[in-house]
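Copied over from Swiss-Prot:
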type     : residues      : note
BINDING  : 123, 320, 482 : [4Fe-4S] cluster binding site
COMPBIAS : 13-33         : compositional bias 'Polar residues'
REGION   : 1-37          : region 'Disordered'
REGION   : 521-547       : region 'Disordered'
REGION   : 565-585       : region 'Disordered'
């Protein structure tokens with residue numbers, strides 16, 4: 001079900017079998033134990049949901065395809081008896097900030113404050129500033145609950161702002177472009193039968209030439225069940241989580257497209273005779289002309305995965321946090337959202353899986369590429385420059401593994417005096433700064449031999465001009481605000497700007513990443529070749545190193561509960577894994593309810609007998 005401002009999702013509203021809302025009551029007259037009923041303490045009252053004035057205000061002020069959850073917001077403000085409410089949202093939603101403020105002040109007794117500072121993500125929730133302004137409640141729009149509500153300084157309500165899109169067009173776009181057979185997908189979409197290592201077989205040069213085939217014959221061939229289903233991983237921003245779940249269900253069932261363009265989910269109808277594009281020989285089709293592309297409809301089911309990296313929602317990715325996928329299982333990543341910032345995160349974490357982006361606003365579907373080798377080289381160079389400022393360490397240019405120099409440092413005191421200091425930047429924009437990360441970084445620098453002098457610096461936003469004011473006194477900087485600042489903009493700074501992970505690599509707390517390796521970015525061309533002494537070609541690019549963390553890939557796990565080390569804010573917060581064969585909490589709850597249901601039916605059966 002699509003949700004919008006006129007028809008908000010009533011996830012906490014109880015309904016009767018006929019669809020009418022009603023109060024839920026528990027019958028306590030019976031002494032027979034039965035399944036417990038869920039509490040609905042946060043249910044939005046009917047007088048708010050059905051308020052004609054409120055609904056008219058929402059309809060006239062806010063866009064219908066954006067769900068700002070106004071009813072729930074009004075309910076929570078009234079319930080908390082809030083007197084001053086702070087509204088915080090990213091710049092893309094600021095257009096409606098004044099309208100939301102007017103609605104809140106009209107239908108509650110609270111005043112509002114619009115927080116105009118830049119909001120890059122969920123890490124920027126600014127409850128401390130809101131409290132300093134005298135607000136007793138904060139409504140944060142557009143991001144997930146990265147900072148739990150029980151850890152904020154004042155009462156905080158997160159509104160994801162789910163955006164309604166065209167689900168039929170989204171599913172049809174996938175089926176019209178992606179064969180559901182893995183071999184056909186790799187041949188037609190990736191340009192050959194490409195392995196996870198980046199090697200491919202040659203593509204038939206005659207694939208682009210069209211041949212007339214009879215529709216009945218083509219349908220017989222296309223109707224054959226695939227040997228292996230195309231495996232897609234669906235991800236996106238939090239605004240499109242519902243769209244991701246809907247797409248998953250649509251791709252897990254058969255959908256047929258008739259000659260007139262109509263899409264049905266029933267059994268495949270009898271195809272009319274039609275002209276289709278094919279090859280001049282009996283070889284399988286490798287490329288399809290644009291005119292006949294819509295006829296390459298894949299009506300079968302796909303294998304679909306919606307990955308999750310906790311504490312994020314299933315399918316959700318952040319610019320700094322994305323799941324690590326199995327490159328031998330996943331054939332493609334499908335990202336739903338506009339822009340590349342969040343998509344690049346999962347591309348960096350999974351460089352050997354091709355990525356495609358569906359823009360729900362323009363309805364364009366494109367393949368996105370990323371220069372992994374260049375990024376890794378630049379970040380490796382930044383680590384080496386930082387190491388050179390203190391000496392005693394070097395970085396292997398091929399594997400980026402930190403190792404000791406051959407020259408042994410004898411006079412550690414001299415090195416300690418001549419070594420340049422490092423600046424450790426703690427972000428103060430919202431909740432970006434983490435004292436836990438600062439303590440971990442400071443301890444790593446102090447434990448280094450020789451110890452690296454460092455000074456903590458508090459900054460809300462970084463810029464080359466701001467850090468340039470420190471002159472030559474600091475040789476390198478470590479910033480804990482966002483890893484993407486170092487990855488995307490590190491080259492713009494005069495001194496190395498390391499992320500916490502890169503700092504850990506530089507002081508030998510963890511082995512690093514490989515800079516140039518086979519298969520990065522699923523390149524369509526074979527790996528680079530070089531001539532050996534005998535004139536024979538040999539691979540100049542090494543294979544991935546299984547002995548390195550994440551097989552030598554660059555991690556994107558900054559807010560993951562299962563991150564690599566203590567240089568991330570939530571390291572070690574993942575719950576302990578259950579023993580093999582142990583039941584999950586959900587399974588135990590279902591088992592308990594089943595036992596209660598059986599116990600409640602036993603006396604009735606005995607009385608009847």
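Each residue, glycine too, has its Cβ placed from N, Cα and C.
The structure displayed is predicted, hence computed values, not measured ones.
Apart from the site residues 123, 320, 482, the chain places the Cβ of 120, 121, 318, 319, 321, 432, 481, 483, 484, 558, 559 no farther than 8 Å from the centroid of the site's Cβ atoms, the recorded [4Fe-4S] cluster location. The Cβ neighbour count for residue 123 ([4Fe-4S] cluster binding site), using a 10 Å radius over every protein chain in view, is 25. Shown in sequence order, 120, 121, 123, 319, 320, 427, 432, 558 are the residues of the chain, 6+ apart in sequence, with a C-beta less than 8 angstroms from the C-beta of residue 482 ([4Fe-4S] cluster binding site). Counting Cβ atoms from all protein chains shown, residue 320 ([4Fe-4S] cluster binding site) has 24 others lying within 10 Å of its own Cβ. Mapped onto three states, the DSSP output places residue 123 ([4Fe-4S] cluster binding site) in helix.
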